[in-house]
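Report on one structure; see the data block that follows.
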Amino acid sequence: MLHLPTVIGLSFILNLLIGLFFLSVHNYKKQSAFLIFGLACIAFSFAELLACLKLILNFPFITSYLANIFIILSPFLIILGLHKYKYSKPLNLRPIYYLLLFTAVVLLSVYPYSAAQMVTSFIIAGLYLFSAYIISTMSFVATLQKKALITCFLIHSLLMFVQTVLLALPILSLSETTYLEPLELILSSHLILATCSALLLPYLLASNTEHTLASIANTDVLSQLFNRRGFFIKGKNALSLPLYQNKNISLILLDIDFFKRVNDTYGHEAGDQAIKWIAQHVKSQFLNEEISARIGGEEFAILLPNCSLSDARNNAEELRESISSYPFYYEGHGINLSVSAGVSSTINGEQTIKELLANADKRLYLAKETGRDKVVTYDEKSLLLQA
Ligand SMILES: Nc1nc2c(ncn2[C@@H]2O[C@H](COP(=O)(O)OP(=O)(O)OP(=O)(O)O)[C@@H](O)[C@H]2O)c(=O)[nH]1
């Protein structure tokens, strides 16, 4: 059997610490969800404190009524925090507000009796069930922790329903027994589960923040493709996959022709829109395993794992043709754009992405030198001029 005072003491301290941690996160992130999660943890600790005062204070309004209100407030604040959290779907919480108001009034009339605990158990069972539902509708990067938190909430809810039934049986005179031992076990489990949920929640939120920061750092704002940093990180990760070992890897390096003229003639904003337009072509052509990036001002790179030089060349040709086949429109002006591309290829492991890029760059230079609006896959200028 668990030693109840130890469980209460530990869960009191842990909830208080996690609550303070959330408040400090809110202090610099200024996201109301963190403030609310912090208050939820502190409300739980406070409820424990009020309930423990029963040992020294015979004042049921504080030790029963207020303790029950705070214990209900804790899962309610978690729901409110999840609702405010930016990854959640919109929720209609009005029925919950009314239910809590109604519960506060009901508790006011029954708080000196064991019915108060029964009502509280029933309400928090429902609130934990609803929390599990909300978490299940949210997208989190840490899927294992998400499942663990849902499980915690579901078990918690189940235990609270069982507690409601055990408390209801003697009240409704359906049983002579008072089920003290199982109720004590449920209380310990309730405290442990609430603490486990409080520990899992920051981990879950931090994983999403981490993921968001990483994707911001690796994404080009204008084109919404990877930036240079993202291209190398994602590229290296992809090439290390067993799936691509000893396979042909190709790289297309693409540069907009005479782009300076677009800026000079129509303005920088037109140039920006043109970059977005080209990026859209890249995105719509390379939808699968390819890694597309804007690695410089008007320069794009596409890494094609498991793709031969001739297939990469065909892909580059298709892209070049689709860009030059119809104009890009800016404020009613039709602007004809074209691109030049250099393509390089290797067997995965024989060259680094940097080396592939350098080879593609040499070929891109040849494409520019010999007239632009073309794709080059080899190094000799003489061959190119004969063609
Ligand atoms: N609007 C806009 N222009 C950019 C951006 N990044 C780079 N540029 C411009 O892109 C132009 C690149 O010019 P150049 O390197 O001379 O090349 P180019 O005019 O495209 O000529 P070629 O590449 O030789 O065909 C410069 O004028 C840059 O200012 C950007 O994010 N937005």
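Here the Cβ of each residue, glycine as well, is placed from N, Cα and C on the backbone.
These figures come from a predicted structure and were not determined experimentally.
Per TrEMBL, these features apply:
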- 247-380: domain 'GGDEF' (DOMAIN)
- 6-25: transmembrane segment (TRANSMEM)
- 32-56: transmembrane segment (TRANSMEM)
- 62-83: transmembrane segment (TRANSMEM)
- 95-113: transmembrane segment (TRANSMEM)
- 119-141: transmembrane segment (TRANSMEM)
- 148-173: transmembrane segment (TRANSMEM)
- 185-206: transmembrane segment (TRANSMEM)
Other parts of the chain folded back onto the transmembrane segment (32-56), taken as Cβ under 8 Å at six or more residues beyond its ends: 8, 11-13, 15-16, 18-23, 25-26, 62-64, 66-71, 73-78, 80-82, 84-86, 191, 194, 198, 201-202, 205
Selected stretch (most C-beta pairs under 8 A with the transmembrane segment (62-83)) from 6-25, 95-113, 119-141, 185-206: 119-141
Cβ contacts under 8 Å made by the transmembrane segment (185-206) with residues that lie 6+ beyond its boundaries: 1-2, 4, 7-8, 10-11, 14-15, 18-19, 21-22, 25, 33-34, 37, 40-41, 44, 48, 74, 78, 85, 140, 142, 145-146, 148-149, 152-153, 155-156, 159-160, 162-163, 166
Tally of DSSP helical, extended and coil residues in the domain 'GGDEF' (247-380): 59 helix, 41 strand, 34 coil
